[in-house]
Each structure stands twice: as structure tokens, then as C-alpha cells.
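Here's the structure, in C-alpha cells; my notes come after.
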Amino acid sequence: MGSLERSKKKAQVWKKAVIHFSLCFVMGFFTGFAPAGKASFFSNFETTSYTSTKSPIPPQPFENATYTQHSLLNRTLINSQSQAPAPAESREAEGETRSLSEKEDENQVKVTPRGLVIVVTPIITKDRYKNVLLRRMANTLRLVPPPLLWIVVEKHSDGEEKSSSTMLRKTGIMYRRIVFKEDFTSLESELDHQRNLALRHIEHHKLSGIVHFAGLNNIYDLDFFVKIRDIEVFGTWPMALLSANRKRVVVEGPVCESSQVLGWHLRKINNETETKPPIHISSFAFNSSILWDPERWGRPSSVEGTKQDSIKYVKQVVLEDDTKLKGLPAQDCSKIMLWRLKFPTRTRLST
């Protein structure tokens, strides 16, 4: 009995030893596959969650996709300063950047705003073609680059007032319509009255621009409205007179060299003693400030008859001050940019 008990105890001891050895072997085997360090399951979980929250955010670009010489230089300076910062080099870089920016500002094209063109159009009451010619003039002025102000002067009429006003509103042109009620027996008196009304309106509101009188039977080269914006005080140009019954063209206007006026083309001379040549109302333009600020151009501020007959005053000033009169176009004053038509009607059209 004693030998059997001893053999059983020895067998149990061996079993325990084998079990302990197996457990130690398994733990050592799996421990060898584990990474070196203090990472744990929880630390791995935190790292994974942090990366997942940051990954959807796209990287921010350093600069725009458009590159210039100035931007590339700035990038090089930033990299060099980050690698080896030095106060002297940073100051030199700032000086170079400022000089480059100043050069770029100088090279930029300076855009100057266009001056206002004020077109005055009187309408003859008895002209049977006035609606057609008014629409044709509107189609021409619509092609002129802004700013442009169209002042239309006509006699008040209940029947035709609505039609002309509606037509002017549909043109898309900035306009002002002036009406009068006076009756005139002379065509020239009616036209002068309408022009004086327009000039008083310009003077009262101090509209600053270049004033041009455009008759309804005028035909324009669109370059004409570009050239008159260059007028400082007074400007003049040649004008061609056309007639349906005559096979010839008569030219009126200045004779000039470059932009200097030397003489005038005269259609006819009624009085040889007349020293001042006649000038057509549509063959000159002037700065509107001569009306409400004459002292700016060396003219007296108060002249008798100026308020009553402004158109006569303007013509007188244009012909008297030759030094401020500029021929257009400046390069070739003989170029025709304005034509005036005469229609074969019993009613005389605007002049």
C-alpha cells in the first residue's frame, strides 16, 4: 500500500510540472510576437480614433494657383528665412519686396474715366419727318459709350407728347426732355430759343461735360464721340453738306495743321467786311463750364445779354479765343466725321 501511494504522488507532481511548463511556454510564445514598448490595447484605440477624426479635413493650400514672379520670390524668401533667420537678410528681403510691388504699380495701366458728352437736339414743330429722324438719332446715340446725356427740346403738344416721351424712355439713353409753349414765325428764332433753353438748363444744374448741338438730319461716325471727349475748352471739325438733288459735297469747317486752326472753309461770303467767319452750329463743341464758371477760362463772370442769348455768347467766345480752339481729329483735321443731309421737302429741316 505504501508503494502505491508514493507512485500516485509522484504522478501528480509530474502533471503539475507539465501544466506549469505548458502555460509558461504558451505565454512566452505569444509574448514574443507582441511589439516592444508600453503600448496597450487602450492606447491603440485612442490613436486610431484620433486619426479617424482628423483624416476627413483636407490639407490647406499654401497659396493660390496663379503664380507670378512676385509670388515665387516671396515663397523663396520665406523658405530661406525659416531655415536661417537673420535680421539683416529679412530687412533686405522686405526692401526687395517693396521695390517690386512699386514697380508693378507703375506698370499697371491707369484707367481714366471718360468725360460726359452732352448732346442737344432741337426738334422743329412743323417737321413731318421728326419722329423718324428722332428714332434714327436715338439708334446712333445708343452705340456711343457712356456717359452721355441727350437733351431733347421740343414744343409742348398734347397729342405728340406721349409718343415722343415713350420713345425716349425705350431707348435706354440717359435723356432730359425740355418743352416750351411759345410760338415763333421764324425758323431760326425757334431753333435759337430751343438751344438757349438747353444751355440755361445746363447752366442751372451745372452739368459738367462737352456740349454738342446735334441736328436730327446729322449723320455721325461713331469715332466722332470719342474724339470730342478730348476737348478741353473749345473744339471744331469739318462738316460735309449733302443734298439729294445735287451731285456734289460742300465742306464747311476749319482748315488746320495738326490740331491748330489756320483758317476756315467758307461756303459763301455775304459781306466781305465781316471779319469773323460764320461757323455752323453743329461744327463745334465746348466745355459746359464756360456757362457757369467763365472765370475759370479767363472770361468775365457777368456779360450783358448772356442769360438771354446764350447761344450767341458761345459762338462769340469760340471765334474770339483762337488759342483755346482745337481742331479735331488732332492727327488729321481734314477727316470728315459728320455729314449733314438736306431732304427735298417743303418744310426746312433743322440746321
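Indices start at 1 and increase along the chain as displayed.
The backbone N, Cα and C atoms fix where each Cβ goes, and this holds for glycine too.
Residues or ranges marked as compositional bias 'Basic and acidic residues' by Swiss-Prot: 89-107.
Summarising the annotation, Swiss-Prot assigns N-linked glycosylation site to Asn64 (among others) and lists sequence analysis as the type of evidence.
Among the features that Swiss-Prot reports, N-linked glycosylation site is placed at Asn74 (among others), with the record citing sequence analysis.
Residues or ranges marked as N-linked glycosylation site in Swiss-Prot: Asn271 (among others).
Listed in sequence order, Gly209, Ile210, Val211, Ile231, Glu232, Val233, Phe234, Trp297 are the same-chain residues at least 6 apart in sequence whose CB falls under 8 Å from the CB of Asn287 (N-linked glycosylation site). The annotation N-linked glycosylation site is assigned in Swiss-Prot to Asn287 (among others).
What Swiss-Prot lists as region 'Disordered' is 80-107.
The topological domain 'Cytoplasmic' feature in Swiss-Prot is assigned to 1-16; the stated evidence is sequence analysis.
The topological domain 'Lumenal' feature in Swiss-Prot is assigned to 37-351; the stated evidence is sequence analysis.
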Review point. According to DSSP, does Asn287 (N-linked glycosylation site) fall in a helix, a strand, or coil?
Key: strand
